Amino acid sequence: MDARLVQHVTGPTLPRMRQHNMHRHRYSSRIVAVMTRPTENIERLTTSKTEYNDNWFDRIAINHLSQSVQETIGFKSSKKGYEGLVEATTAARQHFSPDEQLELVTQALDKAFPKPILSLIRTVLPPSKLQREFFAVFTTIFFSWLVGPCEVRESKFNGKEEKNVVHIKKCRFLAESNCVNMCTNLCKMPSQAFIKDSFGVPFNMVPNFDDMSCEMIFGQEPPALTEDPAFAQPCYKLCNAKQKHSRSCTS
């Protein structure tokens, strides 16, 4: 899909994509577990700023993903590092519908991670306890630059304990964007689709918007959009939309 839309940050408003060629991702309505619930005091703003000391690997990974997102949506950020990534995803939120956001970020992830490597991993690690626990450990080691400090935790899978959960103490992307909509439409939904499509393992992200933590659960089907607590959360206090968050939130 060719989404070359604008050359510079200060360029004109990005036009809408054509939707009739877009692949729609569908999600199962079965809920295995939901680890957080909608809260009443979500409108308070988290003001504490976390400082990250990115090493050389972190910086390479951040720039690689940022460039993949920018190339996919046709946007050129004037910022570097993580700020450039957040600016690019902000542009996607402002100028594309939720379905388009899902499609574009999924494409960016496909661009960032070569398909031969993904296919090899899927072949070597078919759905199993080993696969789920491997992905949990792998995420904590190699993706803390994206989500912030995290650790592996246990949960029950088919009645047995497994270390298939990644607990993010404070999500870097949510804290930097300070936007509920960007968390759900530009992180949660694309990540769930990408992991399921690439590796054949169900994947559910359960953000906690009070403390900005998150649970990433490998092997768990995400709930239907109408039943997902993440989409029942209101926007943060300083969100420009100043409205109850929903799947259709694009402003």
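Yeah, the Cβs are placed from backbone N, Cα and C, and that goes for glycine too.
Small disclaimer: the values here were computed from a predicted structure and weren't measured.
Taken from TrEMBL, the feature domain 'Beta-carotene isomerase D27-like C-terminal' covers 145-226. Confidence annotation: the domain 'Beta-carotene isomerase D27-like C-terminal' (145-226) carries a mean pLDDT of 95 in the model.
Break the domain 'Beta-carotene isomerase D27-like C-terminal' (145-226) down by DSSP state and the numbers are 31 helix, 29 strand, 22 coil.
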